[in-house]
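Per TrEMBL, the features are:
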{"type": "BINDING", "residues": "Ser12, Glu29, Ala30", "note": "FAD binding site"}
Amino acid sequence: MAKVAIIGAGVSGIAAAKQLSHHNPVVFEASDSIGGVWKSCSYNSTKLQSSRKDYQFSDFQWRNRDDPSFPSHVEILDYLESYAKHFDVLKFVKFNSKVVEVRFVGERETIELTGNAEEHGSPILPGHPVWEIAVQTNDSENLKWHAFEFLVVCIGKYGDIPKIPSFPPDKGTEMFQGKVLHSIDYCKLDKEAASQLLKGKKVVVVGCRKSAIDLAVECAEANQGPEGQACTMVVRTPHWTVPHYWVWGLPFFLFYSTRASQFLHERPNQSILKTLLCYLLSPMRRGVSKFIESYLLWKLPLQKYGLKPDHPFEEDYASCQMAIMPENFFTEADKGNIVIKRASKWWFWKEGIEFDDNTKMEADVVILATGYDGKKKLKSILPEPFRSLIEYPSGIMPLYRGTIHPLVPNMAFVGYIESVSNLHTSELRSMWLARLVDEKFKLPSVENMLEQISRETEVMRRTSRFYKRHCISTFSINHSDAMCEEMGWNSWRKKSWLSEAFSPYGSQDYGHEN
């Protein structure tokens with residue numbers, strides 16, 4: 001019997017498999033390939049929103065690392081495949097193996113191993129099964145059960161289950177005579193099928209984040225010429241977008257990704273002196289946000305098209321919602337190929353959609369770029385009472401170090417918190433998890449873990465109204481410091497105090513123990 005199972009072979013699953021390879025884990029992947037959302041939730045035009053050197057594993061560089069262009073989703077899949085082959089991770093993966101149910105079979109003593117208010121806890125591999133998982137192979141109706149001592153869940157928050165808006169009675173999709181689909185369905189279309197869906201059609205894209213923006217551009221490109229139709233984006237809450245990672249001639253990392261810049265921001269467990277300094281420096285922090293906003297409003301016609309957010313830039317950065325604007329988005333908008341419609345509420349009628357300002361819009365196709373229900377996906381496989389604990393008590397998933405739920409025994413979650421680079425975030429937590437499973441350190445008590453999680457949640461809540469996205473971008477270095485200290489590593493990873501203060505932190509800083 002294998003000790004460790006990993007559910008999902010996306011970026012997080014592959015990172016976890018590599019770090020736990022000495023346990024010969026079994027990786028269950030529902031599809032026929034690795035890559036996760038990069039495989040299943042990417043458009044033909046989807047690209048990474050950062051440079052290659054900011055999105056790479058600590059011990060495996062891109063072959064064309066210095067290429068300044070953002071890699072396409074195809075290039076990212078190739079990079080992940082090369083990484084998995086290089087470290088011989090694919091031998092652990094069972095493809096076309098969908099986990100449909102998880103069952104707890106551990107004794108009460110096993111639960112106590114994760115800690116209590118009096119003692120240290122650790123997901124010690126107890127030598128007997130704690131979890132049984134039901135796996136459906138190749139869409140077979142038959143389920144096969146497997147038993148494991150430790151389970152790592154890497155199915156992520158995106159993909160699989162679309163988030164569909166709710167509508168008033170008799171005003172839902174059933175009223176519409178045209179075609180309605182979610183962006184996840186659009187992702188399944190090849191280039192020709194996608195073009196045929198959009199070309200010459202009155203298309204409405206609902207949403208305003210990166211997936212909606214990219215979709216609107218693809219729609220505009222498919223509707224060039226006299227026969228083309230304008231694509232309408234229905235936007236409820238616009239978010240800040242950036243054209244590139246320079247602000248008034250300064251590199252963007254200087255404002256948020258260095259130790260010096262994050263000193264301006266509140267962090268969990270800070271001293272009274274640091275709290276006072278944060279308060280005194282708050283005008284500078286707001287000034288940085290205003291400085292960036294001034295550049296974006298100068299560089300991009302956000303006000304012209306009603307896309308200027310009502311909230312500060314800092315709140316989008318703190319909730320990982322900042323997006324790169326495609327170069328030709330506003331060019332297409334200027335030509336009339338993309339139309340922006342601001343609306344807080346809308347619903348369907350026979351020939352299109354209707355808005356709360358009593359206006360109507362005809363449509364042939366409506367594409368919902370409204371996100372995914374990751375928690376529903378997770379709850380669909382977890383048993384009670386653990387299912388009810390997923391969002392307890394704050395409405396977001398309580399994860400110590402972004403990995404361990406204090407009330408769920410012998411289980412870890414990788415890929416459920418966000419930061420500037422989710423690959424780096426997942427890899428470092430996989431390193432930490434491997435050392436935890438190897439009993440190189442112990443977890444704090446359940447009580448202390450919950451207190452730490454609560455402090456982090458309060459920091460996120462005070463920093464952004466969108467805190468439930470569980471993003472640690474404004475205190476990511478502090479978060480990594482704490483993990484390094486628990487692993488017995490030096491938390492300061494640079495070679496000099498100057499680079500320590502003003503150089504950006506990334507995966508390459510954690511490629512070795514010291």
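Glycine is treated like the rest: Cβ placed from N, Cα and C.
Note that TrEMBL annotation is computational and uncurated.
The FAD site is set by Ser12, Glu29, Ala30; from the centre of their CB atoms, other residues of the chain with a CB within 8 Å are Ile6, Ile7, Gly8, Ala9, Gly10, Gly13, Val27, Phe28, Ser31, Ile34, Gly36, Cys154, Ile155. Fewest Cβ neighbours within 10 Å among the binding-site residues Ser12, Glu29, Ala30: this applies to Ala30.
Across the annotated binding residues for FAD (Ser12, Glu29, Ala30), the two most widely spaced Cα atoms sit 15 Å apart.
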